[in-house]
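*Asks:* One structure, pasted below without further comment.
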Amino acid sequence: MFYREAGQFKTSYKADQALFPILQDRIGIAAILLIAFVVIPAFANDFFLTSIMIPFLIFALAAIGLNVLTGYCGQLSLGTGAFMGVGAYAAYKLTSIFPDANVIVMVLVSGVFSAAIGAVFGLPSLRIKGLYLAVTTLAAQFFLEWCFIRIPWLYNYNSSGAIEVPRREMFGFIVTGAEALPITRYFVVLCITAGIAYLMANVLRGRIGRSWMMIRDMDIAAELMGVRPLQTKLMAFAVSSYICGVAGAMMVFFWLNAAEPSSYSIRLSFQILFMVILGGLGSLGGAFMGAAFIWILPVLLKFVPGALGIDIAAETVEHATFMIVGALIIFFLIVEPHGFARLWQIAKQKLRVWPFPY
Amino acid sequence: MLYDIFIDPFVQMYDMPDFFLQVLWEGFVAGILYALIALGFVLIFKASGVFNFAQGIMVVFAGLTLVGLHENGVPAYLALILTIGVMAVLAYGVERIVMRPLVNQPEIILLMATIGLTYFLVGFGEFVFGGEPKQMITEELGLPTGSTAFEIGERGLIILQHIDIAAAVIAVVMVIALAIFFNKTRIGRALRAVADDHQAALSVGISLNQIWAIVWFAAGLVALATGIMWGARSDVSFALEIVAFKALPVLILGGFTSIPGAIVGGLIIGFGEKIGELYWGGLVGGGVESWLAYIIALIFLLFRPQGLFGERIIERI
């Protein structure tokens, strides 16, 4: 009733192959973009932007990156945090080597380094599969983390061992550094995330994305049908690491301002993996929903006791948050193992047949 | 440079045999403890095909429960028995609440569920017992605490901690007990049947739910023993969690389904890590312990993708 394909006739191949062929989808996406670009900047305060929207968008981008690898190509990875770290450190080095270059270009270029390292650690995936591969990506995680600590060149011999973002301007606005306004950062992060998400939506439904899905569904069969496993898997690793690297660079440049090696620890890898799984494997929209859930829920939990007038020690709240998040993850896996993306599909089906039950 | 890598470490080993032996012993003990954690993983993976990420946190949780109970005035041995009870309740709860509804899901979902369980247990443990590190009640449990020095040759000296010897003995006893349990008892055979084929086991009247609860309980007992041993060497704290990740390379080295594999894998990683750190680590600035285990496992995997003792992976279309 509210959402249906029936009656929407296409008169050209172009219209048929469009990214959103259905009118209601176009309206929905336009509404979301309107909210993101106009409503939120107009009404949100700095707190909402810096501690909810900016990290949410960055994590959503990282979740898209991991989704390419795990959801679309079927290669389980626990090294996301380290690949994000590579992006962050590469962007930091690039901005200190080329101080005059545009900082956004540097952030986008830093992903290339992360992609190269991701491809190297993707090499074992040709022989090793499934959970075994997860352990080899753990090797990447711990090795790279060690590099961030032990190679002083990476953080410019800074005595604190942390990387600090320099102040950079663009078109008269301060984009990075401590003085940058949350609203400026928000727009930069939003543009990069939306741009990459749009690009990936198109890549994933094209030849490359389809060959990834063939590898995921059955790699031997895909090989017999002419998909070259080496190139395909390595490309998945490279693209995934590129996106994660950009997300990692954005994390330090537009959100944290300074980062230590521990910012990119295994905890971060798990967090991103949760977002992907709870959002739904193999779904871009799911990556956004998962990121929203995993990031925003703990933030909300922090403020609920205060809002209700209950006085609890901050420590207790933190422990309770851990418990609740863990329990909710298990709960959602039991209720809907295919994630929020499946819930959204069910909702769409309900809208389609409403007011009838089926 | 080449001299530093290929010759100097061996010259050092030859020159100072006592130090080398001490390193070997350290590696052996670390290996035993890794093997114990890996053993818990293997038990659950064999019986249910679940890759139990929460094993590491179960170790911490068991140790914390034991120490926490003792701190609140429960005598040591009673605390031990109560902790076993807690692990049994945990096993039953996990089977009932987490595993049963998730039967037949893909392995990545089960893996995520155990990671969710990890989060839950971390939060719960800190909630109940507090986050600060605690001292393990070694003496109260009647475990030895001293150390003995052996003289070797003219000037050599090796120091063995008694607790390490106890750990090795307990590990060996536990592996033997598990082997007997798996091969000789009725429940053990049922466990092996379930591991082979879930449906066939069901059809001859083996209760899957019961078996899973038992297997999680057995893994809980292994976790408790590991928790006591690790706790006696350092403190009982959530920092142990990172040590538990070390069990993963051990596991893939030995193969997910093999108990001897867990032991051998643990020893290889333990020896490799200590020797690598002390003789080669200095060349790259130290601290290689954090990733060397994974690289060793990675190299092994490239040659044997199923691990040393794992079942051969056969792929069909």
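Sequential numbering from 1, following the chain as shown.
Cβ coordinates are placed from backbone N, Cα and C, and glycine is handled just like the others.
Sharing the feature lines straight out of TrEMBL:
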TRANSMEM  B:20-43  transmembrane segment
TRANSMEM  B:50-70  transmembrane segment
TRANSMEM  B:76-94  transmembrane segment
TRANSMEM  B:106-129  transmembrane segment
TRANSMEM  B:159-182  transmembrane segment
TRANSMEM  B:211-230  transmembrane segment
TRANSMEM  B:250-271  transmembrane segment
TRANSMEM  B:278-303  transmembrane segment
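So that I understand the layout, could you describe where these features sit and how close they are to other parts?
*Replies:* When Cβ-Cβ distances below 8 Å are used as the criterion, the transmembrane segment (B:106-129) is approached by residues 49-54, 56-58, 60-61, 64-65, 67-68, 94, 98-99, 238, 241 of the same chain, each at least six residues removed from its ends.
Residues 4-5, 9, 12-13, 23, 246, 248-250, 252-253, 268-269, 272 of the same chain lie 6+ residues outside the transmembrane segment (B:278-303) yet bring a C-beta within less than 8 angstroms of a C-beta in it.
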*Asks:* Among the recorded stretches B:50-70, B:76-94, B:250-271, which has the greatest number of Cβ pairs closer than 8 Å to the transmembrane segment (B:211-230)?
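*Replies:* Between the candidates B:50-70, B:76-94, B:250-271, the best contact partner of the transmembrane segment (B:211-230) is B:50-70.
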*Asks:* Mind checking which residues of the chain, 6+ beyond the ends of the transmembrane segment (B:50-70), have their Cβ under 8 Å from one of its Cβ atoms?
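*Replies:* Same-chain contacts beyond the ends: 37, 40-41, 44, 76, 79-80, 82-83, 86-87, 90, 99, 107, 110-111, 114-115, 117-118, 121-122, 124-125, 128-129, 134-137, 140, 219-220, 223-224, 226-228, 230-231, 236-238, 240-241, 243-245, 247, 256.
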